[in-house]
Amino acid sequence: MDKENFTRLRGELFCDHPLARYTSWRVGGKAERFYRPADLFDLQDFLTQLPSDEPLTWLGLGSNVLIRDGGIKGTVILTLNRLKELSVVNSQLVFREKSGTEDFFSGNGKTIIRAEAGVTCAKLAKFCVSQGLEDGAFFAGIPGTVGGALAMNAGAFGGETWRTVIGVETMNHQGEILKRTPDEFKIHYRQVEGLENQFFIAGYFCFNHGDPDKAKTAINALLKKRNLSQPIGKYSCGSVFRNPPGDYAARLIESAGLKGKSIGNAEVSEKHANFILNKGNASAADIEALIHYVAQHVSQIHGIQLVKEVNIIGRS
């Protein structure tokens with residue numbers, strides 16, 4: 001299935017397309033098909049023309065995913081810098097209709113921002129700062145896009161994505177857009193249930209008004225803290241494991257003596273033990289083997305089973 005099988009497309013469609021450069025680990029095989037939509041409406045056109053049983057995988061910044069060396073079956077859709085609309089919206093608007101009645105959500109005097117899935121969390125944080133919204137600064141510590149943050153309830157510096165969400169837009173396999181509210185989902189620590197073969201394409205975030213200078217100071221302080229504690233600029237996915245209740249994955253890994261542990265060219269970071277680095281030419285298999293080794297070793301030493309935060313996908 002190539003571009004000749006489609007009409008009206010304005011995006012870019014590739015077959016057998018290498019995926020490593022689209023992930024922050026810089027590893028992984030090829031996608032059978034890879035689509036980079038021009039915008040949200042082009043994505044709708046594309047999806048309406050796909051077979052109903054076509055497997056779909058969505059990528060943003062590729063920062064919380066390990067793509068295996070055998071690649072991905074079906075179609076990979078890249079949202080980064082394609083679903084990129086970011087704006088302040090009316091503080092009270094019609095969000096959806098139910099049984100002929102209009103449901104409203106309101107910011108109660110706060111600021112509501114609509115951000116599409118391909119907007120990076122760093123860009124969302126900077127936009128919040130420009131609007132004087134200090135409580136949105138934590139997004140600067142999330143190394144991904146809005147779509148990924150919504151899908152996993154990403155968080156940083158004590159903030160969590162879904163604490164700020166008052167509504168979302170999702171898209172199904174047929175390209176239909178649905179508007180949904182948080183009460184339709186089960187929100188957990190680094191996990192969201194209730195998507196059911198749909199994909200997040202935009203979020204509505206509600207923030208308190210504040211002083212732009214204070215917001216800028218807050219984001220700078222958070223970024224300084226991150227740069228001191230994390231291996232910024234290295235090939236990693238961010239945190240590999242979720243923090244267990246009452247503890248930290250990094251502390252458990254470090255106390256198990258695993259800092260600097262390597263398999264192939266994958267290595268547990270010396271700076272932050274919950275980061276695994278690609279030292280230059282690691283394979284996805286190297287990284288996955290090290291993830292399993294760390295989890296097994298921590299379980300043996302501490303009796304705690306670490307749960308992966310990173311999503312491992314594709315064929316071995």
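Note that Cβ sites are derived from N, Cα and C of the backbone, with glycine treated the same way.
According to Swiss-Prot, the feature domain 'FAD-binding PCMH-type' maps to 27-225, an assignment based on sequence analysis. Annotated active site per Swiss-Prot: R190, E309, in sequence order. According to Swiss-Prot, the feature active site, proton donor maps to S239.
Positions of Swiss-Prot features highlighted on the structure.
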residue : record                    : CB count, 10 Å
R190    : active site               : 18
S239    : active site, proton donor : 24
E309    : active site               : 20
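On the 0 to 100 pLDDT scale, the domain 'FAD-binding PCMH-type' (27-225) averages 90 in this prediction. According to DSSP, R190 (active site) sits in a coil region rather than a helix or strand. For the pair S239 (active site, proton donor) and E309 (active site), the Cα-Cα distance reads 7 Å.
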